[in-house]
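Student: Take a look at this one; I'll ask things after.
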Amino acid sequence: MAHQWRGVLAEYRDHLPFSDTDALLSLGEGGTPLVPAPALSSAVGADVHIKVEGQNPTGSFKDRGMASAMSKALNDGASTVVCASTGNTSASAAAYAATAGLTCVVLLPQGKIAAGKLAQAVVHGAKLVQVEGNFDDCLEIARKLHAEHPVELVNSVNPHRLQGQKTAAFEVCDALGRAPDIHILPVGNAGNISAYWMGYQEYRDAGVTAQLPAMWGFQAERAAPFVAGRPIPDPETVATAIRIGAPASWNLAVAARDDSGGLIDAVSDEQILDAQKRLAADVGIFVEPASAAGVAGLLQQAGHGRVPEDATITVTVTGNGLKDIDTALSQHDLTPTVIEADIAAAAQAMGL
Ligand SMILES: *Cc1c(COP(=O)(O)O)cnc(C)c1O
């Protein structure tokens, strides 16, 4: 019998706030692989699995929440959606607005968007507005537009975003047959750590799983408001997707950290880029810089002796490396070995 993955809303309908008559949008999001990472497991002395969210339709986990938020907007009769974005939210919003037949406006901070993400918003037909300010300024404008005009806001302050995003925690449990001991992920606006925690709790409460993981979040050193305990006015980091100084889901993320017995710590840009390289070269997964913050944090905590031996650890890598090739290529020597069109020269170049 024909069957394919139907997207997160249909697959997890029983756990989501949609009625039988609601239209459910999908571009096939979710169902992403949980890949064992032997290289990381031996490096930290635990059983490490990577949740590869770069395999979503627009290349980041944002598609889970966007399927949900855009479906809600459509069912409510909206005609225009707006979002602030460091890039991935706009890529996802543009794609889901396209399939929903809605108009999408994205507010982008000046000069900080990876080229791949910008291309996605453009090709999917979003209207791009560049704001002379940072992400936090963009989000404030988007919220006010939503308050004062008939436009739906699809940032993660929209609770339907977290509803869709929590399905990633369900998938982790379904794949492992249990909840992990520790779940690690990057933290920017903090919607995702909040959504995972919600998902893990709901599965435990429904009796699907018996336990809850500790939630470990990692921010970039110069964009680490949770570590500082207050908003950061001018966040800076090479990991543009987590270059956020005033996280919208502040209270939810603090609850996820504290109620799970977890932590939110910071890693340097150097650690992030190093983790990005190790994921690509040792594990075989190419992620964008922000996505590597979780692995950077795992390695950092292992260095401090804080990773429990043989723990089952899942790490979400949030977005695809192809979105931001400029940063990745800047870390490598691109000078090719040039030879004549000749087999002997090729053999010699290969050291044969
Ligand atoms: C949005 C995003 C994040 C941060 O997620 P939050 O929910 O804002 O904490 C991390 N990595 C990537 C690739 C993202 O697109």
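Keep in mind that glycine also has a Cβ here, set from the backbone N, Cα and C atoms.
Curation plays no part in TrEMBL annotations; they are all automatic predictions.
From TrEMBL, for reference:
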DOMAIN    26-319  domain 'Tryptophan synthase beta chain-like PALP'
MOD_RES   K62  N6-(pyridoxal phosphate)lysine
BINDING   N88, G188, N189, A190, G191, N192, T318  pyridoxal 5'-phosphate binding site
Student: Taking only the residues in the domain 'Tryptophan synthase beta chain-like PALP' (26-319), give me the average pLDDT of this model.
Tutor: 97
Student: Determine the C-alpha span of the pyridoxal 5'-phosphate site listed in the record, that is the greatest distance between any two of N88, G188, N189, A190, G191, N192, T318, in Å to the nearest whole number.
Tutor: 14
Student: Select the most exposed residue of N88, N189, N192, where exposure means the fewest other Cβ atoms within 10 Å, treating these as the binding-site residues.
Tutor: N189
Student: With every protein chain in view, how many other Cβ atoms are within 10 Å of the Cβ of K62 (N6-(pyridoxal phosphate)lysine)?
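Tutor: A count of 35.
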Student: When you measure from the Cβ of G188 (pyridoxal 5'-phosphate binding site), which residues in the chain that are at least 6 apart have a Cβ under 8 Å away?
Tutor: T86, Q219, A223, A241, I242, R243, I244, P247, A290
Student: Sort N189 (pyridoxal 5'-phosphate binding site) into helix, strand or coil using the DSSP assignment.
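Tutor: SS state of N189 (pyridoxal 5'-phosphate binding site) = coil.
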Student: By the DSSP assignment reduced to helix, strand and coil, which category contains N88 (pyridoxal 5'-phosphate binding site)?
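Tutor: It is helical.
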